[in-house]
Amino acid sequence: MHLSAPHFWWKNKSFLRFLLAPISWGYAYFSRRRMARHPPIVDLPVLCIGNFTCGGAGKTPVVIAFAKVAKELGFVPGVVSRGYGGRVKGIHLVNEEHDNAYDVGDEALLLARHAFVAISVDRYAAAQRLKKEGCNLILMDDGFQSRRLYMDYALLVVDAMRGFGNGAVFPAGPLRVPLKTQFSLMDSVLLIGDSDACDYIAFLVNRTGKSLHHAHLESLASDKVAGKSFLAFAGIGNPDKFLKSIKELSGHVVQTYFYPDHYFFTNTDLKNLVQRAKMHNLWLATTAKDYIRIQTSKMQEDLKNLVVFDINVNFVQKNFCRVLLQEVMIRFRERKHSL
């Protein structure tokens, strides 16, 4: 079962935050101890692309961007993923043609279009499997807080619209581990988008002496959007970014239906959405991640008026991925020489 992030996580003052504080303190204690562990080391350079909080921050397009640049530089990148939302057990090498979102999760299928992807709870074992496949660079999708694989560099992604939420640790807030602990172990922050919270986020990062980088998301669509009216539906961590994508392409959002993150739409769900759209003469709109999950449905042929929205990440710093990958390789060589 997949749950949506509670609204009070994104509010500074909340009775529920106060009520859940004792549980949060206990969770924070054990999460700090977990992050103090010495993770197993794989004989490959490892770049972790994670985030500070539970829920979506925009990691997936960032991982894809690094995979593309890595291939341009001559690497054979492999992505280590938890395969969240999937049901396969053990270590599984994702096959885009034969696997589906039910088995491996939507994010793993999206990533498999651009690189080898191995999913497993045991990230070290997944990295070893990718090494056997000929990969010479590991991109770790999430996993910063799990400490299941040594990383040469940790880049944490922050959604500017949400920031660090109310600043509390789960379940009182969205943080996976106290900020102080995470800041001490990460290497740099990638802030995606703009908001009133950007200055505060920049202040916190600069105070640690770590580097801060900026990026923006570019909206892409499978069909013409301008002037069309939409019934938008999605099961993602932050649907506000999806609605913003429609508006950026001059579309009009008339109705919205949001579901829990990684939600698998039933045929009844899709049938109802199609009927509501027809009733009000609306186009349907959803995200690329949601469409991955819809493709296993028998209702796919009835979604003729569906526009799929995807996102591309644009980095403010020129050659950002190239420069950071070079830093990863420098650290990897230093690690090997120190052994």
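Glycine is treated like the rest: Cβ placed from N, Cα and C.
Keep in mind it's a predicted model, so treat the numbers as computed, not measured.
As annotated by Swiss-Prot, ATP binding site applies to T53, C54, G55, G56, A57, G58, K59, T60, with the evidence given as sequence analysis.
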Using a Cβ cut-off under 8 Å and a sequence separation of 6 or more, which residues in the same chain sit near G56 (ATP binding site)?
D159, I236, G237, N238, D261
Remaining residues near the recorded ATP site, that is with C-beta within 8 Å of the centroid of the site residues T53, C54, G55, G56, A57, G58, K59, T60:
N51, V157, D159, G237, N238
Those binding-site residues listed as C54, A57, and which of them has the most Cβ atoms within 10 Å of its own Cβ:
A57
Which residue, of the binding-site residues G55, G58, has its CB surrounded by the fewest other CB atoms within 10 A?
G55
Using a 10 Å cut-off on Cβ-Cβ distances across all protein chains shown, tell me which of the binding-site residues (T53, T60) has the largest neighbour count.
T53
Taking the Cβ of K59 (ATP binding site) as the centre, count every other Cβ atom within 10 Å, in any protein chain shown.
21
Could you say whether, by DSSP, G56 (ATP binding site) belongs to a helix, a strand or a coil region?
coil
